[in-house]
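Here's what TrEMBL has on this protein:
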- 1-61: region 'Disordered' (REGION)
- 27-36: compositional bias 'Low complexity' (COMPBIAS)
- 49-61: compositional bias 'Basic and acidic residues' (COMPBIAS)
- 72-94: transmembrane segment (TRANSMEM)
- 106-125: transmembrane segment (TRANSMEM)
- 137-157: transmembrane segment (TRANSMEM)
- 227-244: transmembrane segment (TRANSMEM)
- 256-275: transmembrane segment (TRANSMEM)
- 327-346: transmembrane segment (TRANSMEM)
- 358-375: transmembrane segment (TRANSMEM)
- 395-412: transmembrane segment (TRANSMEM)
- 424-445: transmembrane segment (TRANSMEM)
Amino acid sequence: MRRGERRGHGGALGKAALEEQPPPLPNGGAPAAADRPPAEESPPPPPGPERDSAGLRRSTESEVYDDGTNTFFWRAHTLTVLFILTCALGYVTLFEETPQDTAYNTKRGIVASILVFLCFGVTQAKDGPFSRPHPAYWRFWLCVSVVYELFLIFILFQTVQDGRQFMKYIDPNLGVPLPERDYGGNCLIYDPGNETDPLHNIWDKLDGFVPAHFFGWYLKTLMIRDWWMCMIISVMFEFLEYSLEHQLPNFSECWWDHWIMDVILCNGLGIYCGMKTLSWLSLKTYKWQGLWNIPTYKGKMKRIVFQFTPYSWVKFEWKPASSLRRWLAVCGIIFVFLLAELNTFYLKFVLWMPPEHYLVLLRLVFFVNVGGVAMREIYDFMDDPKFHKKLGQQAWLVAAITATEFLIVVKYDPYTLTLSLPFYITQCWILGIILVLTWTAWRFFIRDITLRYKEIRRQKQEHKYERDKCLSNGDRHSAILDEQNGNKLRERKL
């Protein structure tokens, strides 16, 4: 939605509405073609299943009031960026002497190429669904997604040894095998053998990953916006750790580390705080004014802080059981989430990166910024396919990145991935898959056929009762006509 447009009814008039309108013609005639105002760039969205009568706002979308102020902060600066970029390149060409170091020049040229592409993308790429704190911020992360995907494809086409040694160009400390830390071992909560600190096992598990788990699930809740989906992903990932601990020792944890510290405390508390934040965002009034239109300094400071909150809010109603399409979409979202989580551990394992390396942290920061946009685009594509006819650009890139990361893991260490699961683990997963497939077949196929059969049978009984009633009243001709009409109606329904 462009700035200044109104979502909903009863809001204050926008800036465009305050402009002078042409006077009405006599006799109520329509203005001539030359006197008509120019048409909008794009027609209004067609009414979807959850849009209001005007086709402007879904029932799950909040109303927004905006005075339409367009300051220097919101204007396009394509020529300014182009001028600064040209001056920088000209300075490097004319005033800097190129060193005779091939490796240094290669790194510098790659970084400069990436920066030029980011400048182009930030100024020229298509806007996404988010506009706060600024649309250029989200365009920047879209371009970073392209750069990261190209980097992954480059790594994918290298040999295993060359790909691992290539990481030395990013950090000379990389490229050497690292042992994985085992979080299992002594799982006693209270160790009576240690008189100085009987709770040493708990303190050993309290590392930097505990707050990372909490903030990670807090942000994931803001992305998914559904308590059930977050809990399913959280619990299923713990089952995946149980299932794959024979492949990665990093997955080997104590039972209380899995279910008490992770699911209940870190993940559960993060999901709870995220749901509270979602509740506040859904009740918040989205009324925006230009900074210079606010008279008080307190109001100006409040407006600056709220610049980092959403411009509007859409409540996600996934409704996975409403149709087969939505059910498959929700299952696909859960699968991609779990695969992206597993890629975090397997990538650093096959590329020999320590868990505390800054590249691992940068990858998590990257997914935090692109994940919210991708989830919004997926929800719009799934919830309103008549208006959103194709999958969003950020969602497409996130899916491609997740798949490419997994392919790198498959190529670089196929032996680890092909280690067979323990027999009891295999039985559990087979049972779970059978239950899911059985429920899917019953809910979307068997149940619908049963309900349709019961409805036809009920209609036949009602028609038979009406026909007998008519015969008892002596109206046989009308009964025959009703029977013929009923047969035609059932044929059309079938």
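Positions of Cβ are set from backbone N, Cα and C atoms, glycine also.
Among the recorded stretches 137-157, 227-244, 256-275, 358-375, 424-445, the one sharing the largest number of Cβ pairs closer than 8 Å with the transmembrane segment (395-412) is 137-157. Sequence-distant neighbours of the transmembrane segment (424-445) (same chain, 6+ residues past either end, Cβ-Cβ under 8 Å): 242-243, 321, 323-324, 327, 331.
The transmembrane segment (327-346) shares the most Cβ pairs under 8 Å with 227-244, out of the stretches 72-94, 106-125, 227-244, 358-375.
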